[in-house]
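Enquirer: Handing you a structure now.
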């Protein structure tokens with residue numbers, strides 16, 4: 001089960017920023033991590049880094065004081081996903097995700113697998129429509145509605161399955177809060193501070209725009225990880241969010 005101190009720590013990190021780690025070298029990743037403060041952000045570990053470095057890397061980040069969002073987007077038969085989610089909870093992660101397109105039975109099985117963990121269970125969220133996808137991409141999959149409509153369908157399915165929230169585009173946030181309620185967590189990639197390169201995320205917003213739209217957690221990668229002074233960049237984003245909230 002999770003370290004007893006992890007849940008208390010999860011509750012003390014107030015920052016909505018989740019930094020997406022994207023390194024081919026564990027040494028480079030840790031060199032970056034050691035330049036930032038765990039009170040300023042959480043960290044996201046995706047498929048590439050988890051495959052390269054394994055659960056031990058997640059534990060190393062936790063030992064440095066960071067909450068970890070394990071972004072593996074589980075999508076399989078219900079029993080397999082349930083066991084995978086339970087394994088993530090055993091690892092002590094703060095958040096884990098599945099693909100909503102796996103269906104309600106799969107999501108319910110995943111949620112039920114976390115019941116034994118009680119208050120120590122990670123947040124369980126589902127991926128709706130990837131932020132790199134537009135209407136043409138969906139049409140190629142035989143889906144004839146807009147990304148926003150598809151995201152809403154999958155978000156409602158996720159909410160009805162008892163999960164904590166979804167990964168979505170910031171452009172859908174306001175509508176999803178209306179449909180699924182204010183307690184339903186929205187996690188948004190494709191966030192770029194003003195002046196940043198758009199990269200491969202087509203549907204983007206700035207942190208302040210995302211916050212105003214109702215986003216709970218914003219995933220930011222290269223604008224922070226490639227910054228000459230990532231700690232300062234994080235501070236500037238947090239200040240902009242505080243100013244945006246008070247304006």
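Any Cβ shown, glycine's included, is placed from N, Cα and C.
Feature table excerpt (Swiss-Prot):
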- 73: active site, proton donor (ACT_SITE)
- 22, 44, 71-80, 131, 192, 201, 221-222: substrate binding site (BINDING)
Enquirer: Looking only at Cβ atoms, how many others are within 10 Å of the one on residue 72 (substrate binding site)?
Expert: 17
Enquirer: Tally every other Cβ atom lying within 10 Å of the Cβ atom of residue 75 (substrate binding site).
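Expert: Other Cβ atoms within 10 Å of residue 75 (substrate binding site): 18.
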Enquirer: List the residues of the same chain that sit at least 6 positions away from residue 22 (substrate binding site) in sequence and have their Cβ under 8 Å from its Cβ, in sequence order, or write 'none'.
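Expert: Residues satisfying the criterion: 46, 48, 49, 221, 222, 225.
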Enquirer: Looking only at DSSP and grouping its letters into three states, which state does residue 131 (substrate binding site) belong to?
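Expert: In the DSSP reduction, residue 131 (substrate binding site) maps to coil.
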Enquirer: Looking only at C-alpha atoms, tell me how far residue 131 (substrate binding site) is from residue 73 (active site, proton donor), rounded to the nearest Å.
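Expert: Each residue's Cα considered, residue 131 (substrate binding site) and residue 73 (active site, proton donor) end up 14 Å apart.
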Enquirer: In DSSP terms, helix, strand or coil for residue 22 (substrate binding site)?
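Expert: Note: residue 22 (substrate binding site) is coil by DSSP, not helix or strand.
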Enquirer: Return the count of C-beta atoms lying within 10 angstroms of the C-beta of the residue listed as 'active site, proton donor', excluding that atom itself.
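Expert: If we count other Cβ atoms within 10 Å of the residue listed as 'active site, proton donor', we arrive at 17.
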